[in-house]
Amino acid sequence: MSVMDAIVVKKPQAARPSSGAEKPSLIGLSREEMAAALREKGVPEKQIKMRVSQLWNWIYVRGVSDFDHMTNVAKDMREMLKQHFTIARPEIVEEQVSNDGTRKWLLRFPARGAGRPVEIEAVYIPEEGRGTLCISSQVGCTLTCSFCHTGTQRLVRNLTAEEILSQLLLARDRLGDFPDREAPQGTIMPAEGRKVSNIVMMGMGEPLYNFDAVKQALLIATDGDGLSLSKRRVTLSTSGVVPEIFRTGEEIGVMLAISLHAVRDDLRDILVPINKKYPLKELIDACKAYPGLSNARRITFEYVMLKDVNDSLEDAKGLIKLLKGVPAKINLIPFNPWPGTNYQCSDWEQIEKFADFINSAGYASPIRTPRGRDILAACGQLKSESERMRKTERLAFEAMMIANHGADD
């Protein structure tokens with residue numbers, strides 16, 4: 001299938017009620033919060049634990065999005081739940097399928113408070129032996145990474161734990177990854193096991209600027225009695241919010257990735273301006289102190305290859321020196337051009353020389369194969385269609401290194 005053959009599937013859905021009529025969702029609540037919500041609606045105390053267990057199983061194991069499908073819950077209880085709560089998925093505005101099997105969903109969440117509805121994109125990348133979902137944590141981004149398509153776009157708001165988890169639930173719906181579900185005909189996905197085996201917090205926004213919601217969502221995603229993803233298959237990527245890095249390992253316990261991209265402070269100040277606040281020494285010191293760090297649980301360092309900017313042999317030498325003493329994997333990302341950028345991708349021969357040098361020093365240094373370019377789903381290219389039309393409000397998100405993250409076992 002050629003680039004022009006990429007499929008676009010429009011998914012119009014009924015409008016959600018206005019914010020004033022919006023029911024609270026049970027998705028994204030901790031067990032304690034779910035118990036409190038049921039208690040407030042008059043569920044007898046002696047039933048609370050059992051009802052929470054039922055709901056948890058139906059929402060996260062069976063994947064239902066309608067209370068009427070909860071067949072072991074009494075009808076009067078289902079009616080109460082329907083009256084006061086929701087477990088609905090976000091609206092799918094558009095679904096695109098790349099010729100390499102990559103899927104991109106444009107999702108719309110309802111207005112909250114005095115705000116307006118917001119849109120984000122989630123991306124699924126099937127690979128041999130795994131399927132990786134890239135999830136967003138914010139609408140927009142406060143970071144101004146100069147090589148990224150989203151670098152000048154403002155933050156609208158944080159996503160809630162519900163909205164973060166809903167991206168995973170919706171993807172599993174669409175891919176037939178819940179019990180008794182079938183995948184769309186012709187879907188490219190792993191031959192065995194889960195369709196969504198890995199998730200990466202690398203979509204729109206900086207996850208560590210929305211720490212509490214991200215923490216709650218990931219703890220639910222890795223809960224052994226629910227979605228049950230292995231923490232070794234969940235990767236959180238940060239541009240370097242140093243104060244929250246230790247907390248990420250201590251309180252969430254997932255794999256860590258760092259958007260590095262430069263080995264000198266003067267250059268990283270330009271490419272990743274958060275470096276002005278948290279320079280390289282502080283960042284690397286925080287990485288060395290990451291809880292659970294070992295050769296079996298290495299930190300991944302992302303490094304976008306920019307021609308004549310950061311791709312010299314001296315840069316490769318500096319990278320090895322910088323990461324000395326850090327159990328690390330270095331992912332080299334060929335730059336994905338976007339309209340108006342002044343950067344170019346490094347020549348392939350130079351990328352291979354860079355990778356060989358890093359590898360000879362003992363670091364795994366895979367070169368990431370670009371995916372989903374025909375639907376603008378590749379690294380740094382993601383941007384919702386509705387926001388392309390609203391040029392003065394350009395909202396988008398960074399999708400750093402979606403594939404090749406987390407453990408395979």
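In case you wondered, yes, glycine gets a Cβ from its N, Cα and C as well.
The annotation in Swiss-Prot ties Gly205, Glu206, Ser259, Leu260, His261, Asn336 to S-adenosyl-L-methionine, and of the candidates under consideration, Ser228, Ser237, Ser312, Ser360, the one tied to the same site is Ser237. Across the structure, Cys134 (disulfide bond) and Ser237 (S-adenosyl-L-methionine binding site) place their CA atoms 11 angstrom apart. Burial estimate for the recorded positions (Cys134, Cys141): highest at Cys134, by number of other CB atoms within 10 Å. When Cβ atoms from all protein chains are considered, those within 10 Å of Ser237 (S-adenosyl-L-methionine binding site) total 26, not counting its own. Candidate binding-site residues: Gly205, Ser237, Ser259, Leu260, Asn336. Nearest to Cys141 ([4Fe-4S] cluster binding site) by Cα distance: Gly205. Each of the binding-site residues Ser259, Asn336 was scored by how many other Cβ atoms lie within 10 Å of its Cβ, and the smallest score goes to Asn336.
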